[in-house]
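Worksheet for the structure shown next.
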Amino acid sequence: DPPPAIGREVDCSSYKGKGSQIACPRHLQPICGTDHNTYSNECMFCALTLNKEFEVRKLQDTACDIECTEYSDMCTMDYRPLCGSDGKNYSNKCIFCNAVVRSRGTIFLAKHGEC
């Protein structure tokens, strides 16, 4: 038997428009996919995962998490980019966490890697 799948399937049938086009509302209700990307809402999740080469499921009904409780004001120059919900690339977790703290938590992880 294969291992159980992680996450929950999302029923995307209600978001289908004409042909393969999906038109999504702009309301922000972030969800985290099993690909560790944050999607602005369930409709955008459906639109952006429709043609992926692998199945993506919903991991949680909030933005994907990055643990920022233990971060340093002084950051190294290592390059492991993170994309913030503000559309900016952060060179590494430390720099991202500093931005999260400065924004008082309004910035969250959009995805691992560059925007």
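Every residue, even glycine, has its Cβ placed from backbone N, Cα and C.
Of the cysteines CYS64, CYS68, CYS75, only one is given by Swiss-Prot as the disulfide partner of CYS32: CYS64.
The disulfide entry in Swiss-Prot for CYS12 points, among CYS24, CYS43, CYS46, to CYS46. The disulfide entry in Swiss-Prot for CYS97 points, among CYS68, CYS75, CYS115, to CYS68. Only one of CYS75, CYS83 is recorded by Swiss-Prot as the disulfide partner of CYS115: CYS83. Per Swiss-Prot, the disulphide partner of CYS94 among CYS43, CYS75 is CYS75.
Annotated pair CYS46 (disulfide bond) and CYS24 (disulfide bond), C-alpha to C-alpha distance, rounded: 9 Å. In the three-state DSSP scheme, CYS64 (disulfide bond) falls into the strand class. Looking only at the disulfide-bonded residues CYS32, CYS115, the densest Cβ neighbourhood within 10 Å occurs at CYS32.
The Cβ of CYS68 (disulfide bond) lies under 8 Å from the Cβ of LYS93, PHE96, CYS97, VAL100, VAL101, each of which sits 6+ residues away along the same chain.
DSSP gives CYS43 (disulfide bond) a helix state.
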